[in-house]
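Right, one structure below, let's go through it.
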Amino acid sequence: MIETDRLIAASGRDREEVQDRAIRPLRLDEYIGQPVVREQMALFIQAARGRNESLDHTLIFGPPGLGKTTLANIIAQEMGVSVKSTSGPILERPGDLAAMLTNLEPHDVLFIDEIHRLSPVVEEVLYPAMEDFQLDIMIGEGPAARSIKLDLPPFTLVGATTRAGMLTNPLRDRFGIVQRLEFYSNKDLATIVSRSAGILGLPMDDKGAFEIARRARGTPRIANRLLRRVRDFAEVRGKGEITKAVADMALNLLDVDERGFDHSDRRLLLTMIEKFDGGPVGLDNIAAAIGEERHTIEDVLEPYLIQQGYIMRTPRGRVVTRHAYLHFGLNIPGRFCEGGEYAAQDDE
């Protein structure tokens with residue numbers, strides 16, 4: 001199974017990127033949720049504009065689908081400058097990065113998505129560019145090779161990553177502003193869904209928006225994807241308007257339950273409960289039992305289930321929590337009740 005095959009995958013798809021551009025907010029006052037990040041960035045941007053300086057280099061990290069690319073574009077819009085976008089895997093050689101840097105205008109934003117995937121040789125070129133606005137490049141080969149320095153206009157590097165821990169210390173230390181994006185509340189997601197529906201011209205009531213929001217796993221990208229699929233259902237099997245009942249029927253048909261779990265999530269939890277007595281069980285045993293790759297479970301399925309408190313990682317292996325039993329209407333084993341082996345851990 002590939003992450004992007006799932007309806008509730010947080011990672012984006014090429015076609016969605018095009019569709020999402022139409023509904024992305026362009027200014028900070030249109031940006032919903034993340035109140036601390038929004039307030040801080042408004043302050044930093046206003047200060048930089050007041051001094052007629054480029055904004056400090058900014059690192060944005062957090063789970064996929066929370067709006068890192070959107071925020072990078074908003075920063076450029078608020079600063080009144082252009083944004084040049086690329087990603088870590090695309091910048092294979094120092095020359096690739098040099099070409100982008102030398103085409104920047106003063107105060108422009110260079111956005112690098114998946115910045116944790118930059119190659120070491122490209123990263124070395126980035127250090128003096130970030131710190132001194134200079135580009136060190138080698139001319140010639142062998143004994144005749146020499147280094148020359150090119151001055152760059154002051155610019156803002158905005159880096160986005162889902163894995164901040166994989167950044168090297170020298171790179172991380174060169175960012176003056178570091179922002180973490182958190183999962184969204186159902187209330188904020190409902191506001192996002194309502195806004196998107198308005199832009200797309202979809203009739204929808206507040207309860208319909210909330211029904212979509214509560215199944216979107218705290219992620220705007222998933223919420224907008226579910227909205228498009230519910231729209232299809234409403235147009236074909238309903239009267240076009242998205243109500244709570246229509247959203248509920250559509251999402252049940254799409255196999256997304258009220259917690260945002262799909263078939264793969266439920267299969268993982270039920271396998272642990274039915275075949276391994278709730279655990280502890282090793283990752284390799286789970287992978288063999290459900291026919292998935294180890295890394296798929298670890299990187300795709302587990303994170304949200306752990307974040308929601310349905311699975312625990314213990315020194316002896318994975319264990320489901322009492323929330324998993326309650327979700328399926330099953331009796332809770334004694335070890336998850338008060339005084340049981342996993343009761344204290346389950347409450348943490």
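Cβ from N, Cα, C; glycine included.
Swiss-Prot has this to say about the protein:
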type: BINDING; residues: ILE23, ARG24, GLY65, LYS68, THR69, THR70, GLU131, ASP132, PHE133, ARG174, TYR184, ARG221; note: ATP binding site
type: BINDING; residues: THR69; note: Mg(2+) binding site
type: BINDING; residues: ARG294, ARG313, ARG318; note: DNA binding site
type: REGION; residues: 4-184; note: region 'Large ATPase domain (RuvB-L)'
type: REGION; residues: 185-255; note: region 'Small ATPAse domain (RuvB-S)'
type: REGION; residues: 258-348; note: region 'Head domain (RuvB-H)'
Candidates ARG294, ARG313, ARG318: member of the binding-site residues with the richest Cβ shell (10 Å): ARG318
Where ARG313 (DNA binding site) falls in three-state DSSP terms: strand
Count of other CB atoms lying within 10 Å of the CB belonging to ILE23 (ATP binding site): 17
DSSP state at ARG318 (DNA binding site), helix/strand/coil: strand
DSSP-derived helix, strand and coil totals, residue by residue, for the region 'Small ATPAse domain (RuvB-S)' (185-255): 51 helix, 2 strand, 18 coil
Per-region confidence, the region 'Head domain (RuvB-H)' (258-348) (mean pLDDT, whole number): 81
Chain-mates of ARG294, ARG313, ARG318 with C-beta within 8 Å of site centroid, DNA: GLY282, LEU283, ILE286, ILE297, GLU298, GLU302, ILE311, GLY317
Pairwise CA distance, ARG294 (DNA binding site) versus GLY65 (ATP binding site), rounded so that it is a whole Å: 23
Three-state composition of the region 'Head domain (RuvB-H)' (258-348), taking helix and strand from DSSP: 50 helix, 9 strand, 32 coil
Neighbouring C-beta atoms (10 Å sphere around the C-beta of TYR184 (ATP binding site)): 24
Which of GLY65, THR69, GLU131, PHE133, the listed binding-site residues, has fewest other Cβ atoms within 10 Å: GLU131
Span of the ATP site, taken as the largest CA to CA distance across ILE23, ARG24, GLY65, LYS68, THR69, THR70, GLU131, ASP132, PHE133, ARG174, TYR184, ARG221 (Å, rounded to a whole number): 37
Alpha-carbon distance [ARG313 (DNA binding site); ILE23 (ATP binding site)] in Å: 38
